[in-house]
Amino acid sequence: MKAVIIGAGEVGYHIAKALSPKNDVVIIDKDEEAAKRADELDVLVIEGNGANAEILSRVLQNADLLVAVTGVDEVNIVACMTAKLIMKNKNGWKDTKTIARVSNPDYIDSPVTSRAQVGVDLMICPELALASEVADILSSPSAIDAEMFAEGKVRMTEFAISPESKLVGKHMQDLKLADCCIVSAVFREDQIIIPHGDDLIKANDHMVVVGKPESMEDLESVFGSKVSHRTRILLIGCGIVGMYLAKLIDKEENADLRIIEHSKSRCIEVAEILENALVLNGDGTDVSLLREENIEDMDVVVAVTDSDEKNLLCSLLAKQLGAKKVIARADRSDYLPLFEMVGIDMAVSPREATVNEVLKLTMGRGIQTLTTIEGERAEIIEYTASEKSRIVGKPLNKVKFPKGAP
């Protein structure tokens, strides 16, 4: 497969890194430093404007995929539109699939959508995808990750087993889970374990549970502590990600949401939109403000400002002041291990959603959903078996899954 990637920032770089081992990849960026970094990969790097028709004409022939992921929505959309026009005027050229990264809510109102009529086969909003991911996690206060599959019919939730947990030392078969729930994987240090009933649960294990959403409501009492009150959430930062997330939380009856935003005008705007949230004008690193809001009583603190450094500082302060759980946004991939190293419960990245959607398109027919967990240590793939599939009619224990897959 041949892929053309426009934009060599965090998202573009990681898409290129994921695709380059088995595909022909061209990456275009007008920034000299970004292009130089991309040159470290086994890809063809072109320094220039990715929306330029002349440059696109040179690289689009035989391309299966064009992904525009610069930091400017309009550049990404124009690049896709231009690519479609070029292909339309070239006899014999294949119809390249186009994907645009878009952040402006005026252009998109769901994490992934299609605008094929204007030349964009797929629009992906990393910020909205991130907000949806965090909202899923917040529905289980003890969870460190959560994803929905099969159009909401199946839920994956990941829990961390603390050294003080009552589960430490018990066998897997002793877990009192609903009939429709199973532990599908355990992450233990650098190992990924497919568990069996006689396996022991150890401190610091990360356990992945899959099941029907309605059957997983009691998991809090198994893996965490059942919250008897409305979940108290403090959101620091109400930019694009924060606003998307606040709207999702604001709809939940069992959530008590407070927001700290440094921009006074943004506070006024947010307060007019949200019905149930308390919006505070201030700085998330202001210790006196955090204490005034009784941060030690917060079930979850979520830091999603546009600055990784500020999110890290806010999160560290929140943990030090007694917040039960802290989730922080980290745009830079090299920061993700740092966040977890210093004790932040969970670091989330907007780029992963975009990378996952692009990878899904390269993995062949039948792939409905693809997501990574544990910092890309593992992939979860939702696959639809066609009528002609070789696995139809076979018991699951007779299917030869790839090595390392359950």
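Here the Cβ of each residue, glycine as well, is placed from N, Cα and C on the backbone.
Note that the structure is predicted; figures quoted are calculated from it, not measured.
ASP29 is the only one of ASP24, ASP29, ASP109 that Swiss-Prot places in the NAD(+) 1 site (with GLY7, ALA8, GLY9, GLU10, VAL11, THR70, GLY71, ARG101). In this structure the C-alpha atoms belonging to TYR244 (NAD(+) 2 binding site) and ARG101 (NAD(+) 1 binding site) are separated by 16 Å. The Cβ of LEU248 (NAD(+) 2 binding site) lies under 8 Å from the Cβ of ALA131, SER132, ALA135, each of which sits 6+ residues away along the same chain. Highlighted in sequence order, ILE6, GLY12, TYR13, ALA34, VAL69 have their Cβ within 8 Å of the centre of the Cβ atoms of GLY7, ALA8, GLY9, GLU10, VAL11, ASP29, THR70, GLY71, ARG101, the residues recorded for NAD(+) 1, and are not part of that set.
DSSP states for the domain 'RCK N-terminal 2' (230-348), grouped as helix (H, G, I), strand (E, B) and coil, give 52 helix, 28 strand, 39 coil. Under DSSP, GLY7 (NAD(+) 1 binding site) is assigned to coil, being neither helix nor strand in the three-state scheme. When the binding-site residues GLY7, GLY9 are compared by the number of other C-beta atoms lying within 10 angstroms of their own C-beta, GLY9 comes out lowest.
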